[in-house]
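This report concerns only the one structure given below.
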Amino acid sequence: MKRIGILTSGGDAPGMNAAIRAVTRKAIYEGMEVYGINYGFAGLVAGDIRRLDLADVGDKIQRGGTFLYSARYPEFATQEGQLKGIEQLKKFGIEGLVVIGGDGSYHGAMALTKHGYPAVGIPGTIDNDIPGTDYTIGFDTAINTVLDALDRIRDTATSHVRTFVIEVMGRGAGDIALWAGVAGGADDIIIPEHDFDMKEVAERIQQGRDRGKKHCLIVLAEGVMGGNEFAAKLAEYGDFHTRVSILGHIVRGGSPSARDRVLASKFGGYAVDLLKENKGGLCIGIENEQIVARDIIDMLENYKHKPDLSLYQLNRELSV
Ligand code: F6P
């Protein structure tokens, strides 16, 4: 291939810019041309497309968000939207497309693949919920942002001998809560992938109190329920001076961590290697520290991301 396109879609994630930079710089290094598509699949259908040069991706590696902008665009789930998108790609002479995003974006890339258009997916979402990779771009930065919040909340929780319910993003996945919770020494972690019993949560808080613990931090994944609802249910089992903190979109912004920048650079470079050899219909990932490419249709139709539940058990043992 000589001319490729790139877009970011769905919820933005720190490190997306580093991935766009890597794709652009590597492609130009290989003698190819790169076209950036603004606003994800919405911009693709609208033809909001421009050529990217070396300088366009300068001073971007350290920035959060995505300078190509992003959008949620359910219309791309329709055949009509997909064919319009392919028409635009052909109009610009773009022979293959790099799609950076999460689950919805991968489904867009899969649809293009099913129409015979070569697309390569790069996993970019804070949720870490994509099959075919151990880690997604943005996850490491997100858990470090949550960790920073937990350390701060612990200070005030201790001062007032309070229980805090900290609600974190993650959609249907508990990875952010799990990893940040373990790193932050959370007293309990509540995730969609593991049952919990509110009575037992209350008993653990009381046990901590009885042995003189001054703080209690419960990290709650949004996929279970909202923080306020959780606190109201907990109150039925006792008064733990509970406060709720909903971290929300704060967790999605900020400068990407070194790990996310390196991951994004590796993924971007590899995406170009694949398209240069006319290989599409793939999604890139990292498995056991090795960069891999898997069939995107097989991944989405037959696999589901699973969190590392050994961390859940470990946290129960460590947070007594
Ligand atoms: O998928 C990323 C994510 O931040 C989820 O964690 C969250 O549930 C969702 O996006 C929020 O979406 P929006 O920014 O469209 O409200």
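Glycine is no exception: its Cβ is also placed from the backbone N, Cα and C atoms.
Look at G104 (ATP binding site): DSSP puts it in a helix. Taking Cβ-Cβ distances under 8 Å and a sequence separation of 6 or more, the neighbours of G104 (ATP binding site) in its chain are S9, G10, R72. The annotation ATP binding site is assigned in TrEMBL to G11, R72, Y73, G102, D103, G104, S105.
Under the heading ADP binding site, TrEMBL lists R21, A22, V23, T24, R25, R154, G185, A186, D187, R211, K213, K214, H215. Under the DSSP three-state reduction, G185 (ADP binding site) is assigned to coil, being neither helix nor strand.
Per TrEMBL, the feature Mg(2+) binding site maps to D103. Long-range C-beta contacts of D103 (ATP binding site), restricted to its own chain and to partners at least six residues apart, with a cutoff below 8 Å, comprise G10, T125, D129, I130.
According to TrEMBL, the substrate binding site annotation covers T125, I126, D127, R162, M169, G170, R171, E222, R243, H249, I250, V251, R252. In the three-state DSSP reading, I250 (substrate binding site) counts as helix. Counting only residues at least six positions away in the same chain, the Cβ atoms of T145, A149 sit under 8 Å from the Cβ of I250 (substrate binding site).
Spatially close to D127 (substrate binding site) yet at least six residues away along the chain are G11, G102, T136, F139, M169, G170, R171, A173, D175, I176, judged by Cβ distances under 8 angstroms. Taken from TrEMBL, the feature active site, proton acceptor covers D127.
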Among R21, A22, V23, T24, R25, R154, G185, A186, D187, R211, K213, K214, H215, the record's ADP binders - longest CA distance, Å: 57
Pairwise C-alpha maximum, in angstrom, for the residues (T125, I126, D127, R162, M169, G170, R171, E222, R243, H249, I250, V251, R252) that bind substrate according to the record: 32
Binding-site residues close to ligand 1 - of G11, V23, T125, D127, R171, only those whose C-beta is under 6 Å away: G11, T125, D127, R171
Fewest-neighbour residue among binding-site residues, criterion Cβ within 10 Å, set G11, R25, H215, R243, R252: R243
